[in-house]
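Colleague: Sharing a structure below in structure tokens format, with a few things to ask.
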Amino acid sequence: MMRGPSPYLVLPVFFLLFCFTASCNELRRVYIVYLGEHKGLRTGREILEDHHSLLRSVKNSEEEALNSVVYSYKHSINGFAALLTEEEATKLSEMEQVVSAFPGEARWSPHTTRSWEFIMQEEGLQGWELEWMTSKAKLGKEVIVGVVDSGVWPESQSFGDAGMGPIPERWKGICQEGDAFDSSNCNKKIIGARYYLKGYEAYYGSLNRTYAYRSPRDHDGHGTHTASTVAGRVVPGVSALGGFARGTAAGGAPLARLAIYKVCWPIPGPNPNIENTCFDADMLAAFDDAIGDGVHVLSVSIGASGVPPKYSNDGIAIGALHAAKHGIVVACSAGNDGPAPATVSNLAPWMITVGASSIDRAFDSLVLLGNGVTIKGQTVTPYVLKSSELYPLVYAGDAVVPGTPGNVSGQCLPNSLDAKKVRGKIVVCLRGSGLRVAKGLEVKRAGGAAIILGNAVANGNEIPVDAHVLPGTAVSSDDAIAILKYINAARRPSAKIGSARTVLGVTPAPVMAAFSSRGPNRVEPNILKPDITAPGLNILAAWSESSSPTKLEDDHRSVKYNLYSGTSMSCPHVSAVAALLKSLHPDWSSSAIRSAMMTTAAVVNTRGAPLTDAAGQAAGPLELGSGHVRPNHASDPGLVYDASYEDYLLFACSSIGAQMDPSFPCPETSPSPSDLNYPSIAISDLNGSVTVRRTVTNVGPGATRYRVTVTEPTGVSVSISPGVLSFKRVGQKKSFSVTLKARGTPGKVYVAGSYTWSDGAHVVRSPIVVSVA
Ligand SMILES: *[C@@H]1O[C@H](CO)[C@@H](O)[C@H](O)[C@H]1NC(C)=O
Ligand SMILES: *[C@@H]1O[C@H](CO)[C@@H](O)[C@H](O)[C@H]1NC(C)=O
Ligand SMILES: *[C@@H]1O[C@H](CO)[C@@H](O)[C@H](O)[C@H]1NC(C)=O
């Protein structure tokens with residue numbers, strides 16, 4: 001399995017480092033110069049020469065041009081990453097063959113560790129269609145899933161290869177060696193592994209190997225967790241620390257092959273254990289290799305907060321476009337910046353953007369207050385209080401050392417608690433700023449007996465569970481307020497915390513996670529994002545043994561499986577379903593696979609009622625996308641909305657007014673972005689009426705007739721023509737138009753509806769979201 005590193009991985013790193021420690025670094029940073037796709041068949045040498053000659057045109061010498069290269073992308077993506085001044089980048093961006101030249105910043109980070117608020121748990125896929133998964137688990141064995149993340153802990157039982165057949169012939173990747181990682185760490189499950197850090201090191205300087213392996217080995221845990229959620233083997237009898245969530249851990253496609261692309265690295269600074277980042281330049285190199293290596297699916301639990309870049313300046317969007325061109329399905333996390341609107345990231349229509357929702361499991365522990373009131377907390381803390389007596393209870397805000405700012409006094413930030421006031425007591429801390437698990441650490445440091453972590457009002461009733469370093473539990477914001485009232489009223493407040501147990505069958509489920517990022521789409525409001533939601537709250541999966549379950553530096557525990565939450569956890573669930581669909585339907589395009597998942601997604605919960613958010617309100621398409629993924633239904637969707645690479649390029653012409661590929665000039669008039677053949681409809685600023693076109697392909701059993709039904713958004717009429725589609729054979733396409741007319745709703749509000757095609761056996765649903773101008 002060992003092959004040498006590909007030639008361009010050994011570009012002049014030393015020179016880069018030299019350059020960054022010397023004076024030459026001042027005005028330069030790594031820019032990505034994106035050129036579209038490669039024309040015709042060219043050798044690696046020809047491509048490199050091309051890139052060099054472009055660079056030569058803005059640099060003073062041949063040598064300088066050569067030495068400024070960080071990466072040359074050569075498989076599908078045509079472009080390079082290079083150290084440039086702003087002026088050089090501008091010059092390049094003005095050249096005809098250049099699509100864009102943008103700085104690859106440290107703006108990308110994995111969609112959990114950035115905000116440690118979302119750590120938690122659960123076991124594999126229990127609670128959603130496990131039966132389908134196991135009955136068809138043999139499928140997927142020829143499918144290769146690339147995981148673009150923080151690497152892998154290869155010794156985990158989840159990555160064993162017992163009984164697995166030979167590596168699929170299409171695989172062309174490598175097992176790259178490095179720190180604590182050699183070719184023996186790849187097997188028939190982890191068939192390849194690579195790492196990318198030239199973009200990272202160009203920015204931060206040399207990697208500090210105290211906090212990361214300079215190899216595909218995962219120090220952090222995030223990449224191990226996501227990889228095992230996609231394709232971990234079936235491992236019975238695992239649990240989180242303390243025995244929580246005991247059961248069988250399994251990825252969604254347990255026989256699929258994994259290809260590991262490590263692109264995320266620790267951010268130097270106060271929390272290198274916790275904060276990770278992933279650079280555009282490194283991710284593009286990973287995408288380019290993955291395309292050349294022969295993966296079928298890419299799982300990317302990475303994204304950005306803040307103002308999203310347009311598609312031509314977005315490394316993940318560019319990488320995903322080229323992947324889609326090669327038939328690769330790309331699933332990305334939607335982000336953890338909810339519940340505020342317009343927070344969703346990964347906004348291109350050629351990827352699947354995945355939100356996160358809960359499963360039907362809780363970890364109940366009762367809090368008994370001195371006044372006899374009981375409150376239900378949630379915890380996976382593996383410790384219990386020594387005594388079953390009541391303990392004195394104190395609010396952290398009443399026990400801070402002098403000088404603690406008033407606005408953070410209840411937050412249990414590091415070194416804020418007065419040991420004299422908390423020793424031996426149960427301490428109530430509030431969420432807000434700081435890491436949840438670090439608050440527990442602070443209570444322990446100051447000698448507290450236990451922590452009760454209260455939600456802030458903004459967190460509502462969605463209770464995160466943590467493997468705290470001391471006894472404790474977490475409560476909703478209503479309960480936190482009740483506890484604080486009791487503390488204020490009682491002369492000697494006291495409490496005790498019962499031990500926790502895992503409870504299954506909790507309803508309603510799923511519930512949209514509060515943290516899951518919401519639409520509308522800030523780059524192209526006429527494309528609905530997120531696309532779909534999947535389990536992302538309290539997921540149990542494999543972990544890195546060099547990281548503690550809380551990832552805190554002062555936590556020296558080590559675990560093989562860990563509970564974790566975020567859209568980072570929901571994304572690999574969808575990647576796994578994509579792998580199974582790819583195996584069932586090898587001829588389906590990436591857009592057909594996405595369509596199958598979207599049009600069959602559930603919009604009701606296990607009670608049969610409409611899906612809700614964490615505040616108990618009905619959740620609509622801006623939260624859910626099309627709904628909660630249902631693998632079994634997705635395997636037989638009846639109709640699919642297909643789209644080609646050219647369709648996407650045409651979409652880019654109209655959406656961002658730019659070509660994503662110089663070999664595909666934009667026509668003088670492009671169709672509206674809403675006309676992209678997408679399985680959902682979003683219309684921004686509807687003024688009067690608009691008509692969009694869609695085309696469906698029959699992938700059902702043969703001759704059949706579909707009828708449409710419509711649920712109109714409030715204040716918008718929807719007519720679909722024709723209302724009946726008759727198919728004579730599999731593969732046949734039929735088009736229809738959807739006309740939306742505003743009835744004059746004032747103000748810019750989003751209203752939602754849907755339309756559904758059905759032939760009696762299949763239900764093909766598309767959400768509609770409209771804002772009225
Ligand atoms: C790496 O981090 C460790 C721990 O913080 C520190 O002691 C060491 O000096 C760092 N090494 C380098 C090369 O910066
Ligand atoms: C608390 O107040 C200080 C000073 O006004 C401010 O800088 C800080 O961001 C505030 N912290 C929080 C968590 O609001
Ligand atoms: C709606 O369209 C009409 C007619 O084209 C135009 O006069 C009006 O300004 C538009 N309104 C908005 C809010 O765009």
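Placement of Cβ uses the backbone N, Cα and C atoms for every residue, glycine included.
The signal peptide annotation in TrEMBL covers 1-23. The domain 'Inhibitor I9' annotation in TrEMBL covers 30-103. Per TrEMBL, the feature domain 'Peptidase S8/S53' maps to 140-609. Residues annotated as active site, charge relay system in TrEMBL: Asp149, His222, Ser568.
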Colleague: Using the alpha carbons only, what distance in Å do you get between Ser568 (active site, charge relay system) and Asp149 (active site, charge relay system) once rounded?
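Modeller: So the alpha carbons of Ser568 (active site, charge relay system) and Asp149 (active site, charge relay system) sit roughly 10 Å from each other.
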Colleague: For the domain 'Peptidase S8/S53' (140-609), would you mind checking the mean pLDDT of the predicted model?
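Modeller: For the domain 'Peptidase S8/S53' (140-609), the model's average pLDDT rounds to 93.
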Colleague: If you count Cβ atoms within 10 Å of the Cβ of Ser568 (active site, charge relay system), leaving out that atom itself, what do you get?
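Modeller: Cβ-Cβ neighbours of Ser568 (active site, charge relay system) within 10 Å number 32.
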Colleague: Can you grab the distance from Asp149 (active site, charge relay system) over to His222 (active site, charge relay system)? Cα atoms, rounded to a whole Å.
Modeller: 7
Colleague: Please spell out the DSSP helix, strand and coil residue counts for the domain 'Inhibitor I9' (30-103).
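Modeller: When I sort the residues of the domain 'Inhibitor I9' (30-103) into the three classes, I find 27 helix, 25 strand, 22 coil.
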Colleague: For Asp149 (active site, charge relay system), what is the secondary structure by DSSP, using just helix, strand and coil?
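Modeller: Reduced to three states, the DSSP call for Asp149 (active site, charge relay system) is strand.
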